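Note sheet for the following structure.
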Ligand SMILES: Cc1cc2nc3c(=O)[nH]c(=O)nc-3n(C[C@H](O)[C@H](O)[C@H](O)COP(=O)(O)OP(=O)(O)OC[C@H]3O[C@@H](n4cnc5c(N)ncnc54)[C@H](O)[C@@H]3O)c2cc1C
Ligand SMILES: NC(=O)c1ccc[n+]([C@@H]2O[C@H](COP(=O)([O-])OP(=O)(O)OC[C@H]3O[C@@H](n4cnc5c(N)ncnc54)[C@H](O)[C@@H]3O)[C@@H](O)[C@H]2O)c1
């Protein structure tokens, strides 16, 4: 006899699990969730999106004071130690946990604590930290177990100078120099943060460009501003071994170079949390990175078992995970009220911030689409001059004949917010998805939104 019986059991309480559980509960399903951590919220709340963005904001506030002539003239200079900046971030994590725990409570979704593994197609066994076990039966399952940092066996992560994106949140001292290995989003974001804290940062990239899926102009801007801020970037380099010394690390590269620093942040990839889940009992086989294959409806090889979020691989974003969770539950309910997840914008919280949606120039050129470009430089906008955030640009790509908006690429302060104005237009059906909206609409002044009007006019002026 099972200890619990549900219509749906969701495994994991990150954004993917929450989206799935709430959508199903709101539509009348009897839902239970399983979470192996003491607190709900997932990697997103405890070691991913939330603490990294809260830490970034704490650093940013300190920088704003230290870079402002207004404060410098009054002798104000703030030097908050790293552990205190982390404390600010932890406050946000607690608020998020409380808020999200309330969602499960209010919607009568019990949280069963422990690690879930399948025993057969309709049962998972949940093993708590104290070893106690509960059998849970359900008609449907959503696996939303997320991912963890990939750790090569040759690196000693127990060394106090070696970190990954989980353990860096436990750094209990200031570091004067840092090597960031891996120039994906995590590597670039943390490299920015530590450079803003004045650490000497070396960013090592295995490829020949940073974040190469972005528009070239944005990649160039990011590389330029990283270097302008004093970051050292090494492209096309791979590590051979990491040597830990009494006061830091030496990273040996395959090219023969040796780099020394107070600490190493390993930020090269993540592995899906699919091991130890008894997936062989239900005919589901993860790939070599632990990712679970799914079809367009997010169903695994067993159609009553869905998988969402980081455990299914790219885009591996909190934003997408939540929507995938909602879509999966909506699909099992037979509803069509949640659309499949596509057109996911990118929001990268480096300095400068980056956000984009739609096609890049490279893609449009390869597809032979006749397009034109409109630019707006932040330094020419009144709002950016007032706030002193003049680094940045909005770039619109649009069809030369129909004026349809095809791509939006932005860098600079608030880029991840600014993108959504364009997104609202870009995703309208024709003929409402053109840049005409930006030239025929009155924007508040002074705002950053004005960048859309400036960029649209700039692009229209290029047409002949
Ligand atoms: C440093 C960093 C910064 C990031 N910044 C951003 C950002 O700015 N914007 C953005 O959109 N995304 C960001 N991401 C990505 C984002 O955090 C993830 O995409 C998101 O957390 C994925 O959500 P999820 O629900 O799939 O899984 P998770 O949030 O990882 O949650 C999975 C949960 O499942 C639980 N679990 C795992 N296995 C079991 C089991 N067998 N039984 C029971 N429970 C289990 C785990 O304990 C965990 O609580 C960042 C990630 C990192 C690491
Ligand atoms: N602001 C944001 O939206 C944000 C911030 C941080 C992280 N994230 C998400 O987290 C995910 C992970 O970030 P990342 O910086 O590690 O980037 P990434 O996925 O680009 O990985 C970096 C490098 O590691 C390699 N790699 C990945 N998984 C591996 C594995 N299991 N084994 C060996 N090599 C592997 C990749 O091929 C890549 O070269 C990304 O998909 C990203 O979208 C998003």
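Cβ coordinates are placed from backbone N, Cα and C, and glycine is handled just like the others.
Automated prediction, rather than curation, is the source of TrEMBL annotations.
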- Among 114, 256, 269, TrEMBL assigns to the NAD(+) site of 182, 183, 184, 185, 186, 187, 188, 189 just 269
- Translate the DSSP assignment of residue 53 (FAD binding site) into the three-state scheme. helix
- Task: Could you tell me which three-state DSSP class residue 182 (NAD(+) binding site) falls into?
- Result: coil
- Task: Express in Å, rounded to the nearest integer, the largest CA to CA distance found among the NAD(+)-binding residues 182, 183, 184, 185, 186, 187, 188, 189, 269 named in the record.
- Result: 14
- Would you list the other residues of this chain near NAD(+) - those whose C-beta lies within 8 angstroms of the C-beta centroid of 182, 183, 184, 185, 186, 187, 188, 189, 269 - in sequence order? 180, 190, 267, 268
- Message: For residue 269 (NAD(+) binding site), which of the three DSSP-derived states applies: helix, strand, or coil?
- Response: coil
- Note on the structure: Rounded Cα distance, in Å, between residue 182 (NAD(+) binding site) and residue 53 (FAD binding site) is 19
- Query: Taking the binding-site residues 182, 184, 186, 188, 269, 310, which residues show a Cβ-atom distance to ligand 1 below 6 Å?
  - Reply: 186, 310
- Could you list, ordered by sequence, which of these binding-site residues: 53, 182, 186, have a Cβ under 6 Å from ligand 2? 182, 186
